[in-house]
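According to Swiss-Prot, the feature Fe cation 1 binding site maps to Asp21, His23, Asp63, His204, an assignment based on sequence analysis. The annotation AMP binding site is assigned in Swiss-Prot to His23, Asp63, Asn93, His94, His204 on the grounds of sequence analysis. Sequence annotations record features per position, and here Swiss-Prot assigns Fe cation 2 binding site to Asp63, Asn93, His163, His202 based on sequence analysis.
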Amino acid sequence: MKNTFVYQAEKPVIKLLQITDPHLFKDESAELLGVNTQASFAQVLKEIQQENNEFDVILATGDLVQDSSDEGYIRFVEMMKPFNKPVFWIPGNHDFQPKMAEFLNQPPMNAAKHLLLGEHWQALLLDSQVYGVPHGQLSQHQLDLLKETLGKNPERYTLVVLHHHLLPTNSAWLDQHNLRNSHELAEVLAPFTNVKAILYGHIHQEVNSEWNGYQVMATPATCIQFKPDCQYFSLDTLQPGWREIELHSDGSIRTEVKRIQQAEFFPNMQEEGY
């Protein structure tokens, strides 16, 4: 996989921060289903910084901007600068990749999709976007890159990162927008015993589960939340959040989802979709 980033660290634990689905707009006052996404994202970042936790790497797992605007991507970059840590990104279904390539190319942003993290771990960032539609699919090119990279680093524990979800949410309206070829992903991963976990966003809710023996993690959006186990489109009153991950030298993972505590953002519960 091209664009390899090497994070040299002799310490036994690598600490990651995942933020996902900010859905920023050109207009800072714009709302998504009743929530000002600029304000909610700013609040998430503020509370992360107040914790004073030292992260090694930040993962931004898609749907960074809702309306393909230059201003949205420029503002995202500016808002990430205070962390002074490399920020790696993947596209979500709402993102416009030409704009991502244009604006997410300056520090702290980094376009690498293969991260060598310390002596024991690697993270592989996959593009599951099918432009113009909500569901996801990994192209044959992405699957081939994944297989090639895993084959070159068989001794490293591996975290696979993408936008779209693998596990059903038990919400019919949302599960039609899943990763359509998860079976092909499973076939590629199967021979590589050091693959430990899969991380994604997209579903605007927390998941800590298992799929084919891999730990599976999904993370709340920094804006609106989708209510699980609902046949029809439903919003939740849970607050915006983020995920912190520790990758240990023995291959184990410790992780925690946190949500904002110092403010409240409530969507318009009467909305029937977006």
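Cβ from N, Cα, C; glycine included.
Here the binding-site residues are Asp21, Asp63; the one with the fewest Cβ atoms within 10 Å of its Cβ is Asp63. Distance from the CA of His94 (AMP binding site) to the CA of Asp21 (Fe cation 1 binding site) is 9 Å. Listed in chain order, the residues near the AMP site other than His23, Asp63, Asn93, His94, His204 are Asp21, Gly62, Gln66, Gly92, Asp95, Gly201, His202, Ala221, each with its Cβ within 8 Å of the site Cβ centroid. The Fe cation 2 site is defined by Asp63, Asn93, His163, His202, and by the 8 Å test on Cβ atoms against their centroid, the other residues of the chain that qualify are Asp21, Thr61, Gly62, Pro91, Gly92, His94, Asp95, Ser128, Gln129, Gly136, His164, Gly201. Considering only the binding-site residues Asn93, His94, His163, His202, His23 (Fe cation 1 binding site) has His94 as its nearest partner by CA-CA distance. Around His94 (AMP binding site), the same-chain residues at least 6 positions away in sequence with a Cβ under 8 Å from its Cβ are His23, Gly62, Asp63, Val65, Gln66. For His163 (Fe cation 2 binding site), applying a Cβ distance below 8 Å and a minimum sequence separation of six or more within one chain yields Thr61, Gly62, Asp63, Ile90, Pro91, Gly92, Asn93, Ser128, Gln129, Gly136, Tyr200, Gly201, His202. Cβ neighbour count for His23 (Fe cation 1 binding site): 26 (other Cβ atoms within 10 Å of its Cβ, all protein chains included). Cβ neighbour density within 10 Å is lowest for His204 among the binding-site residues His202, His204. The Fe cation 1 site, placed at the center of the C-beta atoms of Asp21, His23, Asp63, His204, has further neighbours from the same chain whose C-beta lies within 8 angstroms: Thr20, Pro22, Gly62, Gln66, Gly92, His94, Gly201, His202, Ala221, Thr222, Cys223, Ile224. The full span of the recorded AMP binding residues, His23, Asp63, Asn93, His94, His204, taken as their largest Cα to Cα distance, is 14 Å.
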